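Notes to accompany the following structure.
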Amino acid sequence: MREILHIQGGQCGNQIGAKFWEVICDEHGVDATGRYAGDSDLQLERINVYYNEASGGRYVPRAVLMDLEPGTMDSVRSGPFGQIFRPDNFVFGQSGAGNNWAKGHYTEGAELIDSVLDVVRKEAENCDCLQGFQVCHSLGGGTGSGMGTLLISKIREEYPDRMMLTFSVFPSPKVSDTVVEPYNATLSVHQLVENADECMVLDNEALYDICFRTLKLATPTFGDLNHLISATMSGVTCCLRFPGQLNSDLRKLAVNLIPFPRLHFFMVGFAPLTSRGSQQYRALTVPELTQQMWDAKNMMCAADPRHGRYLTASAMFRGKMSTKEVDEQMLNVQNKNSSYFVEWIPNNVKSSVCDIPPRGLKMAATFVGNSTSIQEMFRRVSEQFTAMFRRKAFLHWYTGEGMDEMEFTEAESNMNDLVAEYQQYQDATADEEYEDEEEEAEAE
């Protein structure tokens, strides 16, 4: 039933992915050997969304792990849940992509892609009714961005009617891991706009801020950051895996969140975020969850929703709560902050309620919003891109792998178009839309 195939690529993707499987295994009561050690039938009822049941009652994740160098995969394999994955599903090269998008997309990655697709095919054939794919990757490096987008376009060709959801880590505004990040990210966005159905936009700086300010961690590690991401990833699919009063799935999410096909880049948030020591001092209520969930400080990407307007949003609650209260709170948010929602999409917040909360919490909520302010992310990357591209800095690394400058120009203009589209809908009002139509009618 409604399986989701998980794919992780590159160092970032594999580290997020490894953390994600720790969270999912914990929710479904699966131990590090793949045996079920849980205490509730609900954990098993739809465990097959993310797991295959192998011989001897072992649960094996429907996961494909790929990288162009063996390093990160070795550490996944030796990590806490490393033995749970199917050994054949580790696909890796030896050369590395060296933070070069062209290597990941055209040369090194292209050599490895067929063996990855074989594994994907094998996993898809094991599914009863595949719902879609979720891909974890970063856009700043070489493998996750270059090879990740190559894989997405290949899967698109082969499974055109399945959902394609990505968790994409964008380059951060202040912290840069790589000088050529703006190039890699722009080339990737150029692909994601065309080939992905839903992109959850993440970035490390926003995650650091959450760890630092809200969770009060003095020195946040990547492990802490990835744990935040995993909580959100688990929240997005909890309705598929546990019974609930109001269900959502990847396709419902897309239908409710995407008013125009290109505008499918979402901000995500999670509540409750409390610092490790202070959990036991407060009970959570739906109003508190709602308040934290819509808080700008809670967003996992460096764009401020107060600088734009929400086209649509979706709130996924988990735990025992009254749906009436959820509906009231959602209505309340829209009424109080009506200036932050576009008025030409009435009732633009979708909510869903799943009965089973995450481990250790009474209730929780995941937020996914389609806000025009996400253009800040693209605008920032685009400015950095233009600054380097104008001088043709670092281009020889890409042209040397057979890329053409034209492709850079196309990617740049596609990204600028995307920013312009977001801006256009941010400024649009209900009345002027109507006037446009009248003028068109007269012109005809």
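Just so it is clear, glycine is given a Cβ too, placed from its N, Cα and C backbone atoms.
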Report the candidate from N48, N204, N247, N256 that shares the GTP site with Q11, E69, S138, G142, T143, G144, N226, as recorded in Swiss-Prot.
N204
According to DSSP, folded down to helix, strand and coil, what is S138 (GTP binding site)?
strand
Counting across all protein chains present, how many other Cβ atoms fall within 10 Å of the Cβ of N226 (GTP binding site)?
24
Of all C-alpha pairs drawn from the GTP-binding set Q11, E69, S138, G142, T143, G144, N204, N226, the farthest apart lie at a distance in Å of 23
Counting Cβ atoms within 10 Å of each candidate's own Cβ, which of the binding-site residues T143, N204 comes out highest?
T143
